[in-house]
Amino acid sequence: MVRIASALGVVMLSVALIILSLISYVSIKRDNIFTTPKYAGSGAPRMYMFHAGFRSQFAMKFLDPSFIPLTNALNEELQEKPSKWQFNRTAFLQQRKEILRYIDVAKNFTLTKSGVRVGQLMHYDYSSHKYVFSISNNFKSLLPDASPVLNKHYNVCAVVGNSGILTGSQCGPEIDKSDFIFRCNFAPTEIFQKDVGRKTNLTTFNPSILEKYYNNLLTIQDRNNFFLSLKKLDGAILWIPAFFFHTSATVTRTLVDFFVEHKGQLKVQLAWPGNIMQHINRYWKTKHLAPKRLSTGILMYTLASAMCEEIHLYGFWPFGWDPNTGKELPYHYYDKKGTKFTTKWQESHQLPTEFKLLYKMHEEGLTKLTLSHCA
Ligand SMILES: *[C@@H]1O[C@H](CO)[C@@H](O)[C@H](O)[C@H]1NC(C)=O
Ligand SMILES: *[C@@H]1O[C@H](CO)[C@@H](O)[C@H](O)[C@H]1NC(C)=O
Ligand SMILES: *[C@@H]1O[C@H](CO)[C@@H](O)[C@H](O)[C@H]1NC(C)=O
(Lines of atoms letter the chains of each structure in order from A; the text may use other names.)
(Lines give C-alpha, C1' and ligand atoms only; values in the text may rest on other atoms or scores of the structure.)
(Ligands and ions follow the chains in the order given, each with its own letter.)
Protein backbone atom coordinates (compact mmCIF):
# COMPACT_ATOMS: atom_id res chain seq x y z
CA MET A 1 0.00 0.00 0.00
CA VAL A 2 2.69 2.40 1.06
CA ARG A 3 4.76 1.39 -1.94
CA ILE A 4 1.89 2.05 -4.34
CA ALA A 5 1.23 5.39 -2.78
CA SER A 6 4.86 6.47 -3.02
CA ALA A 7 5.11 5.24 -6.61
CA LEU A 8 2.02 7.24 -7.43
CA GLY A 9 3.60 10.21 -5.71
CA VAL A 10 6.74 9.95 -7.84
CA VAL A 11 4.67 9.72 -11.02
CA MET A 12 2.59 12.73 -10.06
CA LEU A 13 5.67 14.72 -9.16
CA SER A 14 7.30 13.86 -12.48
CA VAL A 15 4.23 14.90 -14.44
CA ALA A 16 4.04 18.12 -12.48
CA LEU A 17 7.70 18.82 -13.16
CA ILE A 18 7.32 18.20 -16.88
CA ILE A 19 4.34 20.51 -17.08
CA LEU A 20 6.17 23.13 -15.09
CA SER A 21 9.23 22.82 -17.31
CA LEU A 22 7.09 23.46 -20.34
CA ILE A 23 5.48 26.49 -18.77
CA SER A 24 8.88 27.82 -17.78
CA TYR A 25 10.33 27.20 -21.22
CA VAL A 26 7.51 29.17 -22.77
CA SER A 27 7.79 32.02 -20.32
CA ILE A 28 11.54 32.23 -20.78
CA LYS A 29 11.07 32.28 -24.52
CA ARG A 30 8.53 35.02 -24.21
CA ASP A 31 10.44 37.18 -21.79
CA ASN A 32 13.71 36.56 -23.56
CA ILE A 33 15.44 37.73 -20.45
CA PHE A 34 19.03 36.89 -21.17
CA THR A 35 20.03 36.99 -24.77
CA THR A 36 21.94 33.83 -25.45
CA PRO A 37 21.71 32.59 -28.97
CA LYS A 38 21.97 28.91 -28.33
CA TYR A 39 20.33 26.34 -26.14
CA ALA A 40 22.79 23.86 -24.75
CA GLY A 41 22.09 20.16 -24.48
CA SER A 42 19.22 19.09 -22.29
CA GLY A 43 21.33 17.67 -19.49
CA ALA A 44 20.02 16.88 -16.07
CA PRO A 45 21.43 20.02 -14.45
CA ARG A 46 19.33 22.16 -16.71
CA MET A 47 16.24 20.34 -15.62
CA TYR A 48 17.33 20.89 -12.09
CA MET A 49 17.79 24.58 -12.64
CA PHE A 50 14.34 24.88 -14.04
CA HIS A 51 13.09 23.11 -11.01
CA ALA A 52 14.97 25.48 -8.77
CA GLY A 53 13.51 28.40 -10.66
CA PHE A 54 9.99 27.14 -10.20
CA ARG A 55 10.14 26.86 -6.50
CA SER A 56 10.97 30.44 -6.32
CA GLN A 57 8.54 31.34 -8.99
CA PHE A 58 5.87 29.84 -6.82
CA ALA A 59 7.15 31.46 -3.70
CA MET A 60 7.25 34.88 -5.25
CA LYS A 61 4.51 34.51 -7.79
CA PHE A 62 2.37 37.41 -6.75
CA LEU A 63 5.01 39.31 -4.89
CA ASP A 64 7.49 39.83 -7.64
CA PRO A 65 6.08 40.74 -11.02
CA SER A 66 9.49 41.36 -12.52
CA PHE A 67 10.81 37.97 -11.47
CA ILE A 68 13.43 36.74 -13.87
CA PRO A 69 13.49 33.06 -14.53
CA LEU A 70 16.86 31.41 -14.81
CA THR A 71 17.98 30.61 -18.27
CA ASN A 72 20.55 28.45 -19.89
CA ALA A 73 22.92 31.37 -20.19
CA LEU A 74 23.21 31.60 -16.45
CA ASN A 75 23.05 27.87 -16.01
CA GLU A 76 25.91 27.23 -18.41
CA GLU A 77 27.90 29.99 -16.82
CA LEU A 78 27.59 28.45 -13.39
CA GLN A 79 28.61 25.03 -14.59
CA GLU A 80 31.61 26.20 -16.54
CA LYS A 81 32.75 28.27 -13.57
CA PRO A 82 33.96 31.82 -13.87
CA SER A 83 37.27 30.73 -15.44
CA LYS A 84 35.73 31.39 -18.83
CA TRP A 85 35.09 35.05 -18.10
CA GLN A 86 37.40 37.50 -19.84
CA PHE A 87 37.81 41.14 -19.09
CA ASN A 88 37.17 43.44 -22.05
CA ARG A 89 39.20 46.51 -21.23
CA THR A 90 38.06 48.36 -24.33
CA ALA A 91 34.43 47.95 -23.37
CA PHE A 92 35.12 48.89 -19.74
CA LEU A 93 37.02 52.04 -20.66
CA GLN A 94 34.25 53.02 -22.99
CA GLN A 95 31.69 52.61 -20.21
CA ARG A 96 33.85 54.68 -17.86
CA LYS A 97 33.99 57.45 -20.43
CA GLU A 98 30.21 57.38 -20.78
CA ILE A 99 29.69 57.44 -17.03
CA LEU A 100 32.04 60.39 -16.67
CA ARG A 101 29.99 62.24 -19.24
CA TYR A 102 27.08 62.27 -16.77
CA ILE A 103 28.81 62.12 -13.43
CA ASP A 104 31.83 63.87 -11.99
CA VAL A 105 32.63 61.00 -9.66
CA ALA A 106 35.31 62.70 -7.56
CA LYS A 107 33.01 65.67 -7.03
CA ASN A 108 29.80 63.70 -6.47
CA PHE A 109 31.63 61.43 -4.05
CA THR A 110 31.39 63.94 -1.21
CA LEU A 111 30.58 67.50 -0.29
CA THR A 112 33.67 69.46 0.73
CA LYS A 113 34.26 72.27 3.22
CA SER A 114 34.68 74.84 0.52
CA GLY A 115 31.59 73.63 -1.33
CA VAL A 116 29.06 74.50 1.38
CA ARG A 117 28.33 77.38 3.71
CA VAL A 118 26.94 77.37 7.21
CA GLY A 119 23.21 78.00 7.11
CA GLN A 120 22.85 76.58 3.63
CA LEU A 121 19.66 74.57 3.27
CA MET A 122 20.11 71.12 1.79
CA HIS A 123 17.24 69.23 0.17
CA TYR A 124 16.78 65.49 -0.20
CA ASP A 125 17.01 63.42 -3.36
CA TYR A 126 14.04 61.19 -2.54
CA SER A 127 11.86 63.47 -0.42
CA SER A 128 9.57 66.38 -1.05
CA HIS A 129 11.34 69.65 -1.71
CA LYS A 130 9.76 71.15 1.41
CA TYR A 131 12.15 69.22 3.66
CA VAL A 132 15.43 70.91 4.42
CA PHE A 133 18.57 70.40 6.47
CA SER A 134 20.46 73.44 7.57
CA ILE A 135 24.24 73.01 7.35
CA SER A 136 25.67 73.66 10.80
CA ASN A 137 29.19 74.58 11.82
CA ASN A 138 29.61 71.11 13.24
CA PHE A 139 28.45 69.44 10.06
CA LYS A 140 30.77 71.56 7.96
CA SER A 141 33.69 70.73 10.25
CA LEU A 142 33.25 67.05 9.38
CA LEU A 143 33.48 67.55 5.64
CA PRO A 144 36.79 66.76 3.95
CA ASP A 145 38.82 69.58 2.41
CA ALA A 146 39.03 67.66 -0.84
CA SER A 147 37.44 64.57 -2.27
CA PRO A 148 39.28 61.54 -0.88
CA VAL A 149 39.06 59.81 -4.25
CA LEU A 150 40.41 62.67 -6.33
CA ASN A 151 43.04 61.16 -8.67
CA LYS A 152 42.84 57.83 -6.88
CA HIS A 153 43.34 54.78 -9.06
CA TYR A 154 43.18 51.17 -8.06
CA ASN A 155 43.79 48.11 -10.12
CA VAL A 156 41.20 45.49 -9.18
CA CYS A 157 38.31 46.60 -7.01
CA ALA A 158 35.66 44.44 -5.40
CA VAL A 159 32.17 45.74 -4.88
CA VAL A 160 30.52 43.49 -2.34
CA GLY A 161 26.75 43.41 -2.20
CA ASN A 162 24.93 41.91 0.75
CA SER A 163 23.04 39.07 -0.90
CA GLY A 164 22.58 35.78 0.93
CA ILE A 165 24.28 34.13 -2.02
CA LEU A 166 27.58 34.86 -0.26
CA THR A 167 26.71 32.48 2.56
CA GLY A 168 29.04 29.50 2.28
CA SER A 169 30.69 30.93 -0.85
CA GLN A 170 34.21 30.94 0.63
CA CYS A 171 34.88 34.05 -1.44
CA GLY A 172 36.57 35.88 1.46
CA PRO A 173 40.19 35.26 0.45
CA GLU A 174 39.50 36.20 -3.17
CA ILE A 175 37.71 39.40 -2.16
CA ASP A 176 40.54 40.30 0.21
CA LYS A 177 43.04 40.09 -2.65
CA SER A 178 41.37 43.10 -4.30
CA ASP A 179 43.14 46.44 -4.17
CA PHE A 180 40.09 48.32 -2.98
CA ILE A 181 36.96 46.87 -1.42
CA PHE A 182 33.59 48.62 -1.46
CA ARG A 183 30.91 47.41 0.93
CA CYS A 184 27.32 48.41 1.46
CA ASN A 185 25.32 49.59 4.47
CA PHE A 186 27.89 48.91 7.20
CA ALA A 187 27.49 45.18 6.64
CA PRO A 188 29.32 43.07 9.22
CA THR A 189 32.39 41.18 8.01
CA GLU A 190 34.18 39.74 11.01
CA ILE A 191 32.09 36.68 11.68
CA PHE A 192 31.50 36.10 7.96
CA GLN A 193 35.05 36.69 6.79
CA LYS A 194 35.45 33.26 5.19
CA ASP A 195 32.68 34.18 2.77
CA VAL A 196 32.91 37.95 2.46
CA GLY A 197 36.49 38.84 3.38
CA ARG A 198 37.72 40.95 6.26
CA LYS A 199 39.09 44.03 4.52
CA THR A 200 37.04 47.14 3.89
CA ASN A 201 38.16 50.30 2.14
CA LEU A 202 34.76 51.93 1.89
CA THR A 203 31.39 51.17 3.33
CA THR A 204 28.19 53.10 2.92
CA PHE A 205 26.35 54.20 6.02
CA ASN A 206 22.74 55.21 5.80
CA PRO A 207 22.16 57.34 8.94
CA SER A 208 19.10 55.21 9.74
CA ILE A 209 21.54 52.45 10.77
CA LEU A 210 21.94 54.37 14.03
CA GLU A 211 18.25 53.93 14.70
CA LYS A 212 18.14 50.33 13.65
CA TYR A 213 21.28 48.90 15.22
CA TYR A 214 22.58 51.45 17.72
CA ASN A 215 19.41 52.59 19.50
CA ASN A 216 20.01 56.17 18.38
CA LEU A 217 23.13 56.22 20.59
CA LEU A 218 20.94 56.72 23.63
CA THR A 219 22.99 54.72 26.13
CA ILE A 220 26.66 54.47 26.98
CA GLN A 221 26.58 50.89 25.76
CA ASP A 222 25.14 51.96 22.37
CA ARG A 223 27.79 54.63 22.02
CA ASN A 224 30.55 52.17 22.93
CA ASN A 225 29.29 49.63 20.44
CA PHE A 226 29.17 52.19 17.68
CA PHE A 227 32.59 53.52 18.58
CA LEU A 228 34.08 50.02 18.43
CA SER A 229 32.47 49.34 15.05
CA LEU A 230 33.98 52.55 13.71
CA LYS A 231 37.38 51.74 15.21
CA LYS A 232 37.51 48.64 13.03
CA LEU A 233 37.19 50.87 10.00
CA ASP A 234 40.30 52.92 10.76
CA GLY A 235 41.62 54.30 7.48
CA ALA A 236 38.58 53.28 5.48
CA ILE A 237 35.96 55.64 4.07
CA LEU A 238 32.54 55.86 5.66
CA TRP A 239 30.27 57.06 2.88
CA ILE A 240 27.19 58.66 4.42
CA PRO A 241 24.25 59.51 2.16
CA ALA A 242 22.52 61.90 4.52
CA PHE A 243 20.63 63.81 1.84
CA PHE A 244 18.63 61.05 0.18
CA PHE A 245 15.71 60.86 2.63
CA HIS A 246 14.36 63.55 4.94
CA THR A 247 13.78 60.83 7.52
CA SER A 248 17.56 60.89 8.04
CA ALA A 249 17.53 64.43 9.42
CA THR A 250 17.29 63.65 13.13
CA VAL A 251 19.71 60.74 13.10
CA THR A 252 22.12 62.77 11.03
CA ARG A 253 22.29 65.35 13.82
CA THR A 254 22.95 62.60 16.36
CA LEU A 255 25.64 61.20 14.07
CA VAL A 256 27.25 64.61 13.54
CA ASP A 257 27.39 65.25 17.30
CA PHE A 258 28.96 61.86 17.86
CA PHE A 259 31.67 62.42 15.26
CA VAL A 260 32.43 65.89 16.57
CA GLU A 261 32.79 64.51 20.10
CA HIS A 262 35.08 61.71 18.97
CA LYS A 263 37.17 63.58 16.45
CA GLY A 264 40.78 62.67 16.97
CA GLN A 265 39.89 59.25 18.36
CA LEU A 266 38.61 57.90 15.07
CA LYS A 267 40.59 57.48 11.88
CA VAL A 268 37.69 56.57 9.63
CA GLN A 269 37.43 59.10 6.78
CA LEU A 270 33.98 60.61 6.40
CA ALA A 271 32.43 61.29 3.01
CA TRP A 272 29.05 62.99 2.69
CA PRO A 273 27.58 62.96 -0.80
CA GLY A 274 25.18 65.77 -1.63
CA ASN A 275 22.27 65.55 -4.02
CA ILE A 276 23.83 63.28 -6.59
CA MET A 277 21.15 60.80 -7.55
CA GLN A 278 19.78 62.81 -10.46
CA HIS A 279 23.23 62.62 -12.04
CA ILE A 280 23.70 58.92 -11.34
CA ASN A 281 20.20 58.20 -12.65
CA ARG A 282 20.89 59.97 -15.91
CA TYR A 283 23.62 57.54 -16.84
CA TRP A 284 21.68 54.38 -15.94
CA LYS A 285 18.63 55.67 -17.73
CA THR A 286 20.60 55.44 -20.95
CA LYS A 287 20.85 51.70 -20.15
CA HIS A 288 17.06 51.56 -19.67
CA LEU A 289 17.42 51.25 -15.95
CA ALA A 290 15.18 53.81 -14.28
CA PRO A 291 13.77 52.50 -10.99
CA LYS A 292 12.40 54.77 -8.32
CA ARG A 293 15.65 54.11 -6.48
CA LEU A 294 18.85 52.54 -7.66
CA SER A 295 20.41 50.06 -5.26
CA THR A 296 23.42 50.99 -3.18
CA GLY A 297 25.30 48.24 -5.00
CA ILE A 298 24.91 49.70 -8.45
CA LEU A 299 25.64 53.14 -7.03
CA MET A 300 28.96 51.77 -5.73
CA TYR A 301 29.69 50.24 -9.12
CA THR A 302 29.15 53.68 -10.64
CA LEU A 303 31.65 55.32 -8.29
CA ALA A 304 34.10 52.44 -8.67
CA SER A 305 34.08 52.72 -12.45
CA ALA A 306 36.01 55.98 -12.25
CA MET A 307 38.54 54.79 -9.67
CA CYS A 308 39.18 51.18 -10.65
CA GLU A 309 40.80 49.56 -13.65
CA GLU A 310 38.68 46.45 -13.20
CA ILE A 311 35.64 45.73 -11.03
CA HIS A 312 34.58 42.39 -9.59
CA LEU A 313 31.13 42.03 -8.09
CA TYR A 314 30.20 39.70 -5.24
CA GLY A 315 26.94 39.33 -3.37
CA PHE A 316 24.77 40.62 -6.21
CA TRP A 317 21.85 38.22 -6.50
CA PRO A 318 18.36 39.43 -5.56
CA PHE A 319 16.51 36.12 -5.53
CA GLY A 320 15.53 33.82 -2.72
CA TRP A 321 17.19 30.65 -3.98
CA ASP A 322 20.74 29.65 -4.73
CA PRO A 323 21.28 29.38 -8.51
CA ASN A 324 23.85 26.64 -7.92
CA THR A 325 21.83 24.34 -5.72
CA GLY A 326 18.26 25.61 -5.80
CA LYS A 327 18.28 25.85 -2.02
CA GLU A 328 16.54 28.68 -0.28
CA LEU A 329 18.63 31.73 0.53
CA PRO A 330 18.25 34.55 3.02
CA TYR A 331 18.03 38.05 1.58
CA HIS A 332 21.23 39.26 3.26
CA TYR A 333 24.22 37.09 4.14
CA TYR A 334 24.02 38.42 7.69
CA ASP A 335 20.32 37.76 8.24
CA LYS A 336 19.58 35.54 11.22
CA LYS A 337 18.85 31.93 10.36
CA GLY A 338 15.19 31.45 9.64
CA THR A 339 14.64 35.03 8.47
CA LYS A 340 12.13 34.99 5.67
CA PHE A 341 13.33 36.20 2.30
CA THR A 342 12.02 39.71 2.03
CA THR A 343 10.61 41.35 -1.03
CA LYS A 344 10.28 44.69 0.68
CA TRP A 345 12.73 46.24 -1.75
CA GLN A 346 10.13 46.00 -4.46
CA GLU A 347 8.45 49.08 -3.10
CA SER A 348 11.18 51.17 -4.65
CA HIS A 349 14.03 49.10 -6.07
CA GLN A 350 14.04 47.01 -9.21
CA LEU A 351 16.68 44.57 -8.24
CA PRO A 352 15.85 41.89 -10.83
CA THR A 353 16.12 44.47 -13.62
CA GLU A 354 19.39 45.71 -12.18
CA PHE A 355 20.65 42.17 -11.95
CA LYS A 356 19.74 41.51 -15.54
CA LEU A 357 21.79 44.51 -16.62
CA LEU A 358 24.77 43.58 -14.47
CA TYR A 359 24.62 40.07 -15.85
CA LYS A 360 24.67 41.46 -19.37
CA MET A 361 27.69 43.56 -18.43
CA HIS A 362 29.34 40.42 -17.10
CA GLU A 363 28.71 38.65 -20.39
CA GLU A 364 30.21 41.58 -22.25
CA GLY A 365 33.35 41.43 -20.12
CA LEU A 366 32.75 44.83 -18.48
CA THR A 367 32.69 43.46 -14.97
CA LYS A 368 33.00 40.05 -13.37
CA LEU A 369 29.94 38.92 -11.48
CA THR A 370 30.60 36.01 -9.15
CA LEU A 371 27.59 33.80 -8.40
CA SER A 372 29.31 30.54 -7.55
CA HIS A 373 31.63 29.37 -4.82
CA CYS A 374 35.17 30.73 -4.95
CA ALA A 375 37.20 27.93 -3.40
C1 LIG B 1 35.26 44.21 -26.44
O2 LIG B 1 34.36 45.29 -26.46
C3 LIG B 1 34.38 46.04 -27.66
C4 LIG B 1 33.52 47.29 -27.43
O5 LIG B 1 32.30 46.98 -26.86
C6 LIG B 1 33.90 45.17 -28.80
O7 LIG B 1 33.90 45.90 -30.01
C8 LIG B 1 34.83 43.97 -28.89
O9 LIG B 1 34.36 43.08 -29.87
C10 LIG B 1 34.94 43.25 -27.57
N11 LIG B 1 35.99 42.27 -27.65
C12 LIG B 1 35.81 41.00 -27.35
C13 LIG B 1 37.01 40.12 -27.44
O14 LIG B 1 34.72 40.55 -27.01
C1 LIG C 1 27.66 65.93 -9.47
O2 LIG C 1 28.29 65.91 -10.73
C3 LIG C 1 27.67 66.75 -11.69
C4 LIG C 1 28.43 66.60 -12.98
O5 LIG C 1 28.41 65.29 -13.41
C6 LIG C 1 27.71 68.18 -11.24
O7 LIG C 1 27.04 68.99 -12.19
C8 LIG C 1 27.02 68.30 -9.89
O9 LIG C 1 27.17 69.61 -9.42
C10 LIG C 1 27.64 67.34 -8.89
N11 LIG C 1 26.85 67.42 -7.70
C12 LIG C 1 27.36 67.27 -6.48
C13 LIG C 1 26.43 67.43 -5.35
O14 LIG C 1 28.50 66.94 -6.29
C1 LIG D 1 42.20 48.67 2.03
O2 LIG D 1 41.95 48.24 3.36
C3 LIG D 1 42.92 47.35 3.89
C4 LIG D 1 42.51 46.99 5.31
O5 LIG D 1 41.16 46.72 5.41
C6 LIG D 1 44.29 47.99 3.90
O7 LIG D 1 45.25 47.07 4.34
C8 LIG D 1 44.63 48.47 2.50
O9 LIG D 1 45.84 49.16 2.52
C10 LIG D 1 43.54 49.39 1.99
N11 LIG D 1 43.81 49.75 0.61
C12 LIG D 1 43.77 50.98 0.15
C13 LIG D 1 44.08 51.18 -1.29
O14 LIG D 1 43.50 51.91 0.87
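Heads up, the Cβ atoms here are built off N, Cα and C, so glycines get one too.
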Disulfide-bonded cysteine for Cys308 as listed in TrEMBL, from Cys157, Cys171: Cys157
List of residues, in chain order, with Cβ under 8 A from that of Cys308 (disulfide bond) and at least 6 apart: His153, Tyr154, Asn155, Val156, Cys157, Asp179, Phe180
